[in-house]
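Notes for the one structure printed next.
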Amino acid sequence: MAEVERALGVLDAAILVLSAVEGVQPHSRRIMRILRSLRLPTLIFVNKIDRTGARTDELVADVRRLLTPAVAPLGTVRAPGTPEAAFRLDDPRYDRNAAHWLAEALAEHDDELLATLVDDLPPDPDRIDKALRVQVAAGQVHPLLFGSALSGAGVPELLDAIAALLPASPPAEPEPRARVFAIERDPAGERVAYLRSYGGEFRARQRVIAYRREPDGQITATRARITRLDVIGAPTEQAEPTGRDDGPAALTAGYIARVTGLTGVSLGDQLGSSAGLDGRSYFPAPTLEAVVRPRDPARTLALHAALLDIADTNPFIRTRVAPDGGTSVLLYGEVQREVLAATLAEAYGIEAEFGAGRLMHVERPTGTGSAMEIIGHGFFGTVGFRVEPGSAVDYRLEVELGSLPLSFHKAIEEATRAALDQGCHGWPVTDIRVTLTHSGYWSPITTAGHFRDLAPYVLMQALARAGTRVYEPCRRFEAEVPADRLGAVTSYLGRLGARIDGTDEIAAGWRIGGVLPARLEPEAQRRLPDLSSGEGLWSSVPGGDRVVSGDPPHRPRTDGNPFDRVEYLRFLAQPRNRN
C-alpha cells in the first residue's frame, strides 16, 4: 500500500467509492485507514443502489463499524435494488430528524452542538452547515451519499457535495515548491516526472534544485533543469501564445504537470524547497531479495537492462548483481514481485522467473576495529580506517582534507559506502561510524580507481576486528478482529513470537498492535481469517529489527570477498571488476 499512500499524499481531497451490494471490502478498509492517517478530506459514495441486493441502512452500519464511526449520511435512498432507485438529499432546515442525526455526527468535535443535544434543543441548521464544512475540511467527519454511476442517480447530489463541502486547494505558498509523485517513461523512452505544485511558478528551461530526505534523516540537494513542462487540466487562459500547442507556460500552486529533464529525481523529491520533507518522504529499505532470470537465457542482458530501467523510475525496486552473474532484485513484498513480472512481460516482452525470496537482514558493529594498508604492498595508495558503532552510516575524516586530491577523497568515501552493502555476513551494515585515519598516494601514479579498489579491503579488515551482529527485520502490525475473537488471536500471535504492545476497542471489535519478525508475518496473515471468522484485517509497516539468536544467516557475496586478501586481489585482476 506504500504506492497508494504516496499517490494519495498529493491530493487535496478524496472520494471513497463503495458498492451497495458488495459492501465494505478489505481493500476499502486499508485505503480508508490511509486517508484518515493523512487527515485528507474524504466523501464516501455508495454506488450501485440500482442493483439487486443493494443495501442502505445496513451498509451505513457496516461503514460505521468497519471504516469509521465519523460518518454523516446526507440523504435517503428510495427503492434500493431496483432500476428506479433514487437518492434525495435531506435538508436539515426542514427535516428535524436529519438535523438531529447530523448534529449527533458532528457533536464530538463541536461543543455548541453537543450542548444543544444534551439540552434536548433543536439544532441550529446554520450551525450544522458550518460545523459540517469545518469538520470535513479537517478530515474529522466523512459525508456519505448514495447513487448509481450507471443510471446517474445521486450523481448531481455528489457533484453538489463536492463543490459545497470539499475544500479548495490550500493557499499558494510564497516560495516555489513542488513534489514528485510519479515517474514514468514516454513512448520515446524519455523520463517523465509528475509534479504537484504548492507555490511559486515552474517553467520550461528553468533551473531548479531537487531536495531529498535520505533514510538517515539528512536532506540532500541536486541541481536539475526542466526541459519541457505540460500542465494538466489548467484553465486555457493561463496559456501564453507560443505558436504551438505546448499548454500553459507555467506550473502554479494547486496544479499538476508532466515534466522532462529532471534526470536523477526520485519519488518523494521536492523541487524549489525542502519544506515538508517529513518521515513520509523517503522509503525504508526493502525487505525481500529474489534472483530473477529470463526464461530464455539469450535475454539475460535485456532483462538486466529492463530492471535497471524500471528501478530508475521506481524507488520501490532496487537491483544488484547476483553472485552467479544474474540480477538480484530488492523488493518490498510478494505483490510487488507479481507486478514486476507482469511489467517485464507487457512492457519489455521478457518472461521472467523469480527465485525464492530471501528476507534482508542488517549488520551492526559490536565494537571498535582499525586497519591500515601502506602504499607499495599491492596497492598504489595508503588508507587507514577506524570503525565503531554510530548512527546510520557516518563517514568522517581524521586526516587533513588537503592530504589527498578531492577526487581521491570522493573515491574513498563512495567506495566505503558501497562496500558497506556487504558486511561480515554479507548483509548491509548500518549504525556505523567510519573514520579515515591515514592516507597517502604516489603522484602521478595513483588514481582514484586505486582508492576505489583499496578502500573496501581495508574497511572490511577493520570491520572484522570490530565484529558485527546480524539483525532480522520486523513488522509493526495492527490486526482488527471481532470482539469475540480477541482472545484467540492474541493467544495465537503470542505463541507465534509476536510482542503484543496493546489492544484498543473499536467499532469493529478490537485492534491489536504489536511487533512481529517479518519472516513470521505470512503465517500470521494466512491464519488470521480462520481465527477471526473471516472478518480480520491485517496491516503492517516496517517495525525495526531484532538481533538474530543462534547462528546468523549468510548472504552470498558479490564483492570478491575483501576479507581474504588473495581472493580479493584475484577478483580485482579480472578486467570486468576493475574500477
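Cβ atoms are placed via backbone N, Cα and C, with glycine included.
As annotated by TrEMBL, compositional bias 'Basic and acidic residues' applies to 552-563. For 1-171, the entry in TrEMBL reads domain 'Tr-type G'. Per TrEMBL, the feature region 'Disordered' maps to 526-563.
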Practice problem: Calculate the per-residue pLDDT averaged over the domain 'Tr-type G' (1-171) and state the result as an integer. | Solution: 91
Practice problem: Report, as numbers and ranges, which residues of the same chain sit near the compositional bias 'Basic and acidic residues' (552-563): CB under 8 Å and 6 or more residues beyond its ends. | Solution: 289, 320-323, 358, 361, 419, 421-422, 424-427, 456-457, 459-461, 464, 469-470, 570-572, 577
Quiz item: DSSP helix, strand and coil counts for the region 'Disordered' (526-563)?
Solution: 6 helix, 11 strand, 21 coil
